[in-house]
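Q: Below is a structure I'd like to ask you about.
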Amino acid sequence: MAGMASDGTQYDPRQFDTKMNAILGEEGEETFYTNYDEVCDSFDAMELQPDLLRGIYAYGFEKPSAIQQRGIIPFCKGLDVIQQAQSGTGKTATFCSGVLQQLDISLVQCQALVLAPTRELAQQIEKVMRALGDYLGVKAQACVGGTSVREDQRVLQSGVHVVVGTPGRVFDLLRRQSLRADAIKMFVLDEADEMLSRGFKDQIYDIFQLLPSKVQVGVFSATMPPEALEITRKFMNKPVRILVKRDELTLEGIKQFYVNVDKEEWKLETLCDLYETLAITQSVIFVNTRRKVDWLTDKMRSRDHTVSATHGDMDQNTRDIIMREFRSGSSRVLITTDLLARGIDVQQVSLVINFDLPTQPENYLHRIGRSGRFGRKGVAINFMTSEDERMMADIQRFYNVVVEELPSNVADLL
């Protein structure tokens, strides 16, 4: 299982760096590649609206993270921005703050459109937007597939300031003119590497064509391959770039281990051996296909292990219920695909198991970022057969890390 780029070619980290340097046109010793120097080490110094500040502090933020110190102000100034930082470092609050600061609350029309690749992530962003904008009186709506179009139309008719959605539903609403684009002045892509991949790229272009010509564009992600950066040139105007160097793209505080499994079919036994440890804390188990989610869930339950599962073939209502139970702690072990790896914030997760290694090095970061969010400690365990050795080597080279063999005292690590 070799490391493959999204276009199917062999993954080469050195080529990644060469391309990245060519695109950014600069190299330096700083953690961040950036062409914008202003850094604010407190929210108070950012000259935000008092009611937005109240919302930020009420949400539990005290001091801005590194990406927030650099990223909020240029967005608030109306500049196009490309921002990349690790999972769990506050990118969502960065662009939500930038959007909320610029809204004219007295004008109840859609002024900001935020797109995300999955329904769950879009709904989560909407919750953050509402929470931070609570004292401003912001009206936000999540428009995603798998929910009632009529309900979206009803809410949009009554007036909202911000729409957060998935590309398919948003394009449909724009086409029907249920969502009017006239007043939209901000356009944000979250998890932009995924949004600019082949699956979504055409839809993003179609949506962009329907927006006012002077719309501000913000592009955010935990990973930003050079291919995605090149695409952004087509619809961005001299963007402020804040990108973390690849060597910094490991997740501090997350201990990473592998378990050698001689045969694929023995992974199940290994997982069952670890189950008691899993249930001590909240754990997420990643596999590579929806079918395998169902298979592994059935196998675990047949052995009287309590697990829950979610993937893209389930209807939205079922997925919502499962995620609510997991967030509340009433379910402790969740089996899923990369669907969940994209930015879903479950604060209590401290253990991630890659039952299957991801098919691309970048997705490793998205997955293990479920544990140790906002600087907490976490553990990632990778099941590895002989076929996975190439990918594990690619991952270690890509993030400049050493993944060690799992010690016997795994419970002590949690």
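Cβ coordinates come from backbone N, Cα and C, glycine included.
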Q: Look up Thr18, Thr34, Thr147 in Swiss-Prot and give me whichever carries the note phosphothreonine.
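A: Going through Thr18, Thr34, Thr147 one by one, Swiss-Prot flags Thr147 as phosphothreonine.
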Q: Motif 'DEAD box' per Swiss-Prot sits at which of 90-93, 190-193, 198-201?
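A: It is 190-193 that Swiss-Prot annotates as motif 'DEAD box'.
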Q: Swiss-Prot lists motif 'Q motif' for one of the ranges 41-69, 215-243, 273-301; which is that range?
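A: Result: 41-69 is the stretch Swiss-Prot calls motif 'Q motif'.
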Q: For Thr147 (phosphothreonine), just count the other CB atoms lying within 10 A of its CB, please.
A: 17
Q: Enter the number of other CB atoms within 10 angstroms of the CB of Ser106 (phosphoserine).
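A: Cβ-Cβ neighbours of Ser106 (phosphoserine) within 10 Å number 6.
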Q: Over the motif 'Q motif' (41-69), what is the model's average pLDDT?
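A: Mean pLDDT, the motif 'Q motif' (41-69): 90.
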Q: Can you tell me the CA-to-CA distance separating Ser106 (phosphoserine) and Thr147 (phosphothreonine), as a whole number of Å?
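A: Thr147 (phosphothreonine) has its Cα 29 Å from the Cα of Ser106 (phosphoserine).
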